[in-house]
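Working notes for the structure below.
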């Protein structure tokens, strides 16, 4: 058996990294959107808002554990973009990472739909029985596109600030095995404090991959037109917020560290010391997960968003 498995080993490093990103995002969305689906299809009888937050937070944590040793666990195009801007990730690899992050989210959404779809279920985007919100985010009725854009930028910037701090060796070392748990905690606190406006996607792959699935699977073009054409906001705003949060942290904190206490050379995904450098990348994963689990806002009991598949 071991000999057969060795023959299946992929020699290309980039392909291995992309597969790790795909699987990490898959785990994140599987548990995150799965927790939303369980709550909404049972009309809050088997779960509630807190369980959805926990689903996404733990999904992020486990997604990091799955992929960190191979790809650095970006799990978020906005994070990958920020790392490229910092010179800690290859620009050449960026489009490959993004594609496989989207693929992982798409496949996870399909898996959740396969688990929870029932005969006679309504594939609607709005209304009391809407189900599209299980997979992707939509703004609350009072939120304008500009307000939603600002909301996503601020949330993603805050996320990056916290993640960069956790990975900053100049702030003191954190045991490697504990770091994924702390990343999940960051996602959790963002969900309970900033999730009311639009579900806080904060991750282009987490939102667009499942949205594309819903479009293909029968929800139709409404998933792109609903919310005043909201679909592009979770794509663009998280990238802007990630770059902004990274810039603020670098200028206000990291650049002022004693150079002798900080290891600042660029980190490569195939570096032999990747396990020690991983938390320079963890900011990537965080963005993706928090975006996912915040979509539950549309399912909260206070609104008429109890969905059925």
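Here the Cβ of each residue, glycine as well, is placed from N, Cα and C on the backbone.
Going by TrEMBL, these are the annotated features:
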TRANSMEM  20-37  transmembrane segment
TRANSMEM  49-66  transmembrane segment
TRANSMEM  96-117  transmembrane segment
TRANSMEM  142-166  transmembrane segment
TRANSMEM  178-196  transmembrane segment
TRANSMEM  229-249  transmembrane segment
Positions on the same chain near the transmembrane segment (20-37), where near means CB under 8 A and six or more residues out: 47, 51-52, 54-56, 58-60, 62-64, 66-67, 70-71, 73-75, 97, 100-101, 103-105, 107-109, 111-112, 115-116, 133-135, 205-206, 209-210, 285, 288-289, 292-293, 295-296, 299, 309
Give me the stretch from 49-66, 96-117, 142-166, 229-249 with the greatest number of Cβ pairs under 8 Å to the transmembrane segment (178-196). 49-66
Contacting positions for the transmembrane segment (142-166) when only residues 6+ beyond its ends and CB under 8 Å are counted: 78-79, 82, 174, 179, 182-183, 186-187, 190, 194, 197-198, 200-202, 227-230, 233-234, 236-238, 240-242, 244-246, 248-250, 253-254, 279, 282-283, 286-287, 290
